[in-house]
């Protein structure tokens, strides 16, 4: 069984009720943080997961709303890990990830120096291990595998999605993307697909062109549902709602998705959990 927790379902616009885009996937004793939107560690703490308890951080792409809290994750995982010789924290992302991680650690350079000077048991900077992928196997440990495939969020490139499998169950995390063959293939037959969604029918009515621009590189609710249908997934889990879902509007979003997908549809707020079991 895999467990999905929507840690943050918000957008780049700060929302008092929604953290930035981030999803936690738990597979037995392993915990994977997919993207690091603002507020993610507080949301993770609410479900009993600390930064030092993460098995790996998976980044779908390097847009600011998806990596806003990366620095906090890196530093907090370091200062709250009390093992004598802690293993490096794996960061898995697209090309460019190593550069972003290096720059993030440099930005926190003074803080890192202060802590090393103050604590006798902190003698080196945060141990980080970066792996960059555009496609193929990315993880195989203790019965959990992760595979990567390219997505389409152009002009943001490259961007990737992840397929996590354990004990016969599978979850695909699409990240930000328009429909594309590579995502269909990655998600084929998966038990669950976590997909970011926007309401293009609403966004196109907003007067500012900069806001309307997001329509050409994100999937609408119906497009995400159509991807789920083509791929033959069991459950569609929607997240990263743009605009934010208002109180009592969840069924509107679910009904839109149901026009394209007849399977289980999950629409949830932050901390919404979905258990994923292998389909028989």
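Backbone N, Cα and C define each Cβ position, glycine as well.
The feature active site, proton acceptor is assigned by Swiss-Prot to 65, with sequence analysis given as support. The Zn(2+) 1 binding site annotation in Swiss-Prot covers 61, 63, 153, 176 and rests on sequence analysis. Residues annotated as Zn(2+) 2 binding site in Swiss-Prot: 65, 66, 176, 240.
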Densest Cβ neighbourhood among 63, 153, 240 (binding-site residues), 10 Å radius: 240
Quick one: pull the CA-CA distance for residue 61 (Zn(2+) 1 binding site) versus residue 240 (Zn(2+) 2 binding site), whole Å only. 14
Whose Cβ, among the binding-site residues 61, 66, has more other Cβ atoms within 10 Å than any of the rest? 66
Close in space, distant in sequence - residue 176 (Zn(2+) 1 binding site), Cβ under 8 Å, 6 or more apart: 60, 61, 63, 66, 151, 153, 156, 159, 196, 217, 218, 240
Long-range Cβ environment of the residue listed as 'active site, proton acceptor', under 8 Å and at least 6 residues apart: 11, 12, 20, 21, 37, 38
Can you give me the residues near the recorded Zn(2+) 2 site, meaning same chain, not 65, 66, 176, 240 themselves, Cβ no more than 8 Å from the center of the site's Cβ atoms? 11, 12, 20, 21, 35, 37, 60, 61, 63, 175, 196
Within 8 Å of the Cβ centroid of 61, 63, 153, 176, the other same-chain residues by Cβ around the recorded Zn(2+) 1 site are 60, 62, 66, 151, 156, 159, 175, 177, 217
Three-state secondary structure, residue 240 (Zn(2+) 2 binding site) (per DSSP): strand
Give the three-state DSSP assignment (helix, strand or coil) for residue 66 (Zn(2+) 2 binding site). helix
